[in-house]
Amino acid sequence: MSSLLIGKTVTPFLREHIPSLYAPIGKPNNEETAKAKNPNTRYCYRHRPDSKCRRAADEAKMIMIQNELDKLTPADQQAITHVWSLFSAAPARHRELMLQGVLSQLCFPQLSLISREVNEALKIDFINALPVELSQKILCYLDTVSLTKAAQVSQRWRELADSDAVWVFMCEQHVNRKCTKCGWGLPLLERKRLRNYTRQRQMAKDNSNGRIQELHESEETNGVTHNGKRLADSSDDEPDGKRRRVDESEFKQRKWKDVYKDRWEVGYNWKVGRCTVHTLRGHTNGVTCLQLDDHILATGSYDATIKIWNIETGEEIRTLRGHTRGIRALQFDDSKLISGSLDNTIKIWNWHTGECISTLQGHTDGVVSLHFEGQLLASGSIDKSVKIFDFNSKEAFCLKGHTDWVNCTRLDTASRTVMSASDDTTIKLWDLDTRRVIRTFEGHVGHVQQVLLLPPEYEPDDEILNGLNGTGDNSDSVSVSSGRGGTPTVSFVHADRPTSSPSRDGELRALYGPGFESETTRPLPARYFLSGGLDSTIRLWDSATGRCLKTMFGHLEGIWALAGDTIRVISGANDGMVKCWEPRSGKCDATYTGHRGPVTCVGLNDSLLASGSEDGEVRLYSFKAPS
């Protein structure tokens, strides 16, 4: 094609359709034409057919095209370039017409080439094309496995898939709770550091330099050395032993993906049963009770002693002596340890020093259970009574209603209630304001040894709530509640006939009695709880309706101990086994053996499981990821 012919045919076409390039803006009417056909508008080319597609070119493809073009003669190069220019300048309607004409002249090999090229060209990197916020929102819908695979697609995908905005959502969905979509639940971990950081934030509110001062050694309440002195994590200490100042930014610099990774490793170890086991020996008789904390383990025994252990080293820190008969119950916090014994007394200890601070007497027979929360202490005894002690007012009162040993007490100071379990095969929910029974739960056919209150966020599976589970109760559960006039009323709840759960707050409060119905601001008791008995079953109850929602089977002999959190429940039984249960579905996830006698007590935290037995040993299972 001659230059003259090009000037007469190609140039006018280009000048008409892309005047901003082929005709200066200063020429008449070109400025308006350029503005009218400006492709850089806020509309995407899919909604503006006449606008230009600004899709990024494929670098490798363009290099290949350039190499092939360089092999042609200058005249052929000019002709092909003019064809490209004409197509590029043409509006959408003209382009379609050109393509239809070209396609009608293609042979099958060329059509195959077009098919391959179009298939690749239609693939759009939507993550890279969309705004960052939309891309992160899309990635939040992926599970963790898919998210880690997405990070391997490209550098841009990795940058978005590893962003804190995505992984903080994953942490919120899984950490310290069971995900309703995938069933995964991850431990909270670092509870102590979280507590300390919260305290330090409060202390630093008025600090003008914006930095946080670590608590001094005398103010620490968790962690002890082999000689009983308290200390903080070694990572917070300088070589000279002084406490260093910790900047708030230290707690914010860690990526959420790393936070999730640490917890996923521990959660995966729980799921597959990967753990290390340590056996603690020191008691000369059976271990009857224990409590597990971040760094401390306290155990009580029939040998009338309480031992404090360092979990990290497995060493015995000290032994508390003072009771004259076996220890049946204990509980400790940062400052004190309270123990109940068969010598009819309750003792309060400073477990850091081993000093007995006070001795409470009130029961006429052995104390076999206790639980304190806030300023209240509840104890259960062989004398068939529940005794409530108020540390602030120094008052005490007795709750009588059971006809046999009271094996377990559980306080809920927020709702001002206490739950008790007894050898008379019943569980009672008491109102501490009226000192009367709200409801009696009957269903066990053996002595009820333990009650475990489930957290507010717990919700059973839908099939359990609807009564559709195939392993549910085949017998009627009986709930006895106290009426308005004080006369007990009996309500039969049939397990094989689904009972609609009350949803409205007013209806729910009415089920707990006039004390909750009249005081609308009073928090309600825990809605769901578990109980374990010597009939070898664990039962899930609805405290509002009195209904036994599910019975869990698996132990060969009676159940002595229960412990749990938002993710799992642990049980210990007379058959010498420890079982791990999924609380929402009631399925048994794992069974641990090793004790040579009945398992009488269990303890649980995010990465540790402890069990005590009548063989005098404590087995400590660590699910921590290797450092």
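Backbone N, Cα and C define each Cβ position, glycine as well.
What TrEMBL records for 124-170 is domain 'F-box'. Summarising the annotation, TrEMBL assigns compositional bias 'Polar residues' to 200-211. Among the features that TrEMBL reports, region 'Disordered' is placed at 200-248, 468-507. The repeat 'WD' annotation in TrEMBL covers 280-319, 320-359, 360-399, 399-440, 527-551, 592-627. The annotation compositional bias 'Low complexity' is assigned in TrEMBL to 471-491.
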Long-range Cβ neighbours of the repeat 'WD' (320-359) (under 8 Å; 6 or more residues past either end): 221-222, 224, 228, 230, 285, 288-291, 293, 296, 298, 300-308, 365-372, 377, 379, 381-382, 389
Tertiary contacts of the repeat 'WD' (399-440) (same chain, 6+ residues out, Cβ under 8 Å): 368-382, 384-388, 446-453, 479-482, 486, 488, 512-513, 515-516, 522-526, 529, 531, 533, 541, 543, 546
Residue numbers, six or more beyond the limits of the repeat 'WD' (592-627), whose CB comes under 8 Å of its CB atoms: 187-189, 191, 262, 265-266, 269-270, 274-281, 283-294, 297, 299, 301, 309, 311, 314, 557, 560-565, 568, 570-580
Summary of DSSP states over the domain 'F-box' (124-170), given as helix, strand and coil counts: 33 helix, 0 strand, 14 coil
Summary of DSSP states over the repeat 'WD' (280-319), given as helix, strand and coil counts: 0 helix, 24 strand, 16 coil
Per-region confidence, the domain 'F-box' (124-170) (mean pLDDT, whole number): 83
DSSP helix/strand/coil residue counts for the repeat 'WD' (527-551): 0 helix, 16 strand, 9 coil
DSSP helix/strand/coil residue counts for the repeat 'WD' (592-627): 0 helix, 19 strand, 17 coil
Tally of residues which DSSP labels helix, strand or coil - the repeat 'WD' (320-359): 0 helix, 24 strand, 16 coil
